[in-house]
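According to Swiss-Prot, the active site annotation covers H58, D101, S102. Under the heading signal peptide, Swiss-Prot lists 1-25, citing sequence analysis as support. What Swiss-Prot records for K67 is site 'Role in lipopolysaccharide recognition', and it gives sequence analysis as the kind of evidence. Per Swiss-Prot, site 'Role in the phospholipid gating' is recorded for Y172, and the stated evidence type is sequence analysis.
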Amino acid sequence: MNVSKYVAIFFFVFIQLISVGKVFANADEWMTTFRENIAQTWQQPEHYDLYIPAITWHARFAYDKEKTDRYNERPWGGGFGQSRWDEKGNWHGLYAMAFKDSWNKWEPIAGYGWESTRRPLADENFHLGLGFTAGVTARDNWNYIPLPVLLPLASVGYGPATFQMTYIPGTYNNGNVYFAWMRFQF
């Protein structure tokens, strides 16, 4: 190889290293914002929330019929939380909920949720949300070992009542579950 190829390779690697540094700097900023949002939601809640699990649905294309016939898809339970709306109109919430899982065993979950919220109609009470939740759950079939979760969130609501939902991805006969609940703000 001639010298110009070495110089080109050096500059290519150098530019990649600089880019990695910027990515980590942005990750630090994101993590700081994440922590600050959790702290503010904990210390300065605007609302207290009641959570009522509504439905669990196992994607039929991803399960054997024998399994879905045995699964519980009525996850009765409940939970409480506190939430706030930020200056951009986005929702932030801290919550704890327990519900009956697919095997009809209790599953607790607690975490933080965030949704970018839009109000597409003239009636400001109607709102749509899209975001994520990060938290910890524990399941009977995993001996109640705490498991971290990072899942998508979506919602549709009117005033203080919101139908909120997530999808748990998975493989064949595992995961691929739609889970939804009602959230009432007080």
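Heads up, residue numbers simply count up from 1 along the chain you see.
Every residue, even glycine, has its Cβ placed from backbone N, Cα and C.
Note: the Cα of S102 (active site) and the Cα of Y172 (site 'Role in the phospholipid gating') are spaced 15 Å from each other. Using a 10 Å radius centred on the Cβ of Y172 (site 'Role in the phospholipid gating') and all shown protein chains, the other Cβ atoms total 10. Within 10 Å of its Cβ, the residue among the recorded positions H58, K67, S102 with the fewest other Cβ atoms is K67. Secondary structure from DSSP puts H58 (active site) in a beta strand. Sequence-distant neighbours of D101 (active site) (same chain, 6+ residues apart, CB-CB distance under 8 A): T56, N72, P75, E107, R139, D140.
Rounded to a whole value, the Cα-Cα separation of K67 (site 'Role in lipopolysaccharide recognition') and H58 (active site) is 10 Å.
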